[in-house]
Amino acid sequence: MADVEDGEETCALASHSGSSGSKSGGDKMFSLKKWNAVAMWSWDVECDTCAICRVQVMDACLRCQAENKQEDCVVVWGECNHSFHNCCMSLWVKQNNRCPLCQQDWVVQRIGK
């Protein structure tokens, strides 16, 4: 987000005391010089960490990092909406065809970055 620096934007606060002797009119309580907006981005998945290798799913897994194959490491989502690295999950399903988190039968919903 861009910084807001359009001169002096003023904000007048109303008195919380409710007394009749409070200041009114054009008296400024403070002047806002600069404002840095901050935003958060959220995924549509329950967890953003691969439960098998404990690395964030949008980063390459440990094996792909060690073999320098970061671009080949993609994310796989199950019908249970849990996400893992595809290479981690492909090894997992050879031993156990269930989701490591919820133990439902593993069915691939989609694969991609």
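Every residue, even glycine, has its Cβ placed from backbone N, Cα and C.
For reference, Swiss-Prot has these:
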- 1-26: region 'Disordered' (REGION)
- ALA2: N-acetylalanine (MOD_RES)
- THR10: phosphothreonine (MOD_RES)
- CYS50, CYS53, HIS85, CYS88: Zn(2+) 1 binding site (BINDING)
- CYS61, CYS64, CYS73, CYS87: Zn(2+) 3 binding site (BINDING)
- 61-103: zinc finger (ZN_FING)
- CYS80, HIS82, CYS99, CYS102: Zn(2+) 2 binding site (BINDING)
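Annotation note: CYS87 (Zn(2+) 3 binding site) sits in a helical segment as assigned by DSSP. Each residue of the zinc finger (61-103) gets a DSSP state, and the totals for helix, strand and coil are 18 helix, 8 strand, 17 coil. Those residues of the chain, other than CYS61, CYS64, CYS73, CYS87, with a C-beta within 8 angstroms of the mean position of the Zn(2+) 3 site C-beta atoms are CYS53, ALA60, LEU62, ARG63, GLN65, LYS69, GLN70, ASP72, VAL74, HIS85, ASN86, CYS88.
With the fewest other Cβ atoms inside 10 Å of its Cβ, the least crowded of the binding-site residues HIS82, HIS85 in this structure is HIS82.
Checking each of the binding-site residues (CYS61, CYS64, CYS80, HIS82, CYS87, CYS99) against CYS50 (Zn(2+) 1 binding site), the C-alpha distance stays within 10 Å for CYS61, HIS82. In sequence order, CYS50, ILE52, CYS53, VAL55, CYS73, HIS85, CYS87, CYS88 are the residues of the chain that are 6 or more apart from CYS61 (Zn(2+) 3 binding site) and have a CB within less than 8 Å of its CB. In the shown protein chains, 17 other C-beta atoms lie within 10 A of the C-beta of CYS80 (Zn(2+) 2 binding site). Same-chain neighbours of the Zn(2+) 1 site beyond CYS50, CYS53, HIS85, CYS88, judged by a C-beta within 8 angstroms of the site's C-beta center, are, in sequence order, ALA51, ILE52, ARG54, VAL55, VAL57, CYS61, LEU62, PHE84, CYS87, MET89. You'll find the Cα of HIS82 (Zn(2+) 2 binding site) roughly 20 Å from the Cα of CYS64 (Zn(2+) 3 binding site).
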